[in-house]
């Protein structure tokens, strides 16, 4: 689950990680009150959306007077934000963050992330901040340092010394850096985060380290342990079908292809996406209905996939170990019989009650193409999608 910037800053502030004061406004009137609270005559106004690239796409405005700040609040609250990270979708802007300007001497990057290659949390630092870290890694690898954390000791003193030396922080700045890194790592573990990113982390002219922007992602599977974080979920920032899938308990991720997929098991679902791509097709979604979905859940899953107007072909790929193929067939038929315009459908059923499942579909009169092979089914679905 992603947090908005202001929510991320609230979390980091609770761990004594320093940053300039900030306030959130959802109207011009609130923006006016915010100016009085902050006591500023100039500042930065930023849209609060679950996407990066805000500065490059008009989502951040530097204002040099109270009038400019209020004008920026009004302008940003009426926009729908689009960047290369929104997959072409326009995200609504319901809040903006207002914060004072800072005299910056240097910008850095600091993050704690899950390193899937090494299967451990990793601290990532860079002497170049305020830019895309991917770009820095490619062009200036010598300006980036990564430190792997163990699940037991978590962070050693020699690692802290290595990081402070690499960043060139001396004296009080170095002491601040040590404490900030310790607190950030503690925050990462305490909240089951998969990403804590500060970009930029700045050193002021006075030598203080401050967080100017923060991004936090919490492991969805651990949210039951963090009720105070769970309530921060903002469905307005997600695809409508993603939100609906969560409500009905399905693992669904919207993609940008035109072949709708309904599969049981995450591994089989990933393999289905891969083989469609191998044969020149593109999936419209990832959907894992699980191993024990009921007929009602299958109906909801089929309806969910077909609600995507980009879906031109439906590919059902079920391996029925625990799953009952007849329940899948009944759920499919129940939905299809209510629709006027049927799209081409490819069905691969294997396992428990497979013959009964096929019979249910065939007797319904719904035009479906059956296959016993995943490879053949994928080829057929791709051909129908062209």
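Placement of Cβ uses the backbone N, Cα and C atoms for every residue, glycine included.
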Which of these, 46, 95, does Swiss-Prot say binds ATP at the same site as 53, 54, 55, 102, 107?
46
321, 322, 323 bind substrate per Swiss-Prot; candidate in 264, 285, 375 listed for that same site:
264
I need the least crowded one of these binding-site residues (107, 213), counting other C-beta atoms within 10 angstroms of each C-beta.
107
Just how spread out is the ATP site if you go by the largest Cα to Cα distance in Å among 46, 53, 54, 55, 102, 107?
20
Of all the binding-site residues here, 322, 323, which one's CB has the most other CB atoms within 10 A?
323
Other Cβ atoms within 10 Å is the metric here; tell me which of the binding-site residues 199, 264 scores highest.
264
Name them in sequence order: residues not among 264, 321, 322, 323 whose Cβ is within 8 Å of the mean position of the Cβ atoms defining the substrate site.
265, 290, 291, 292, 318, 319, 320, 324, 351, 352
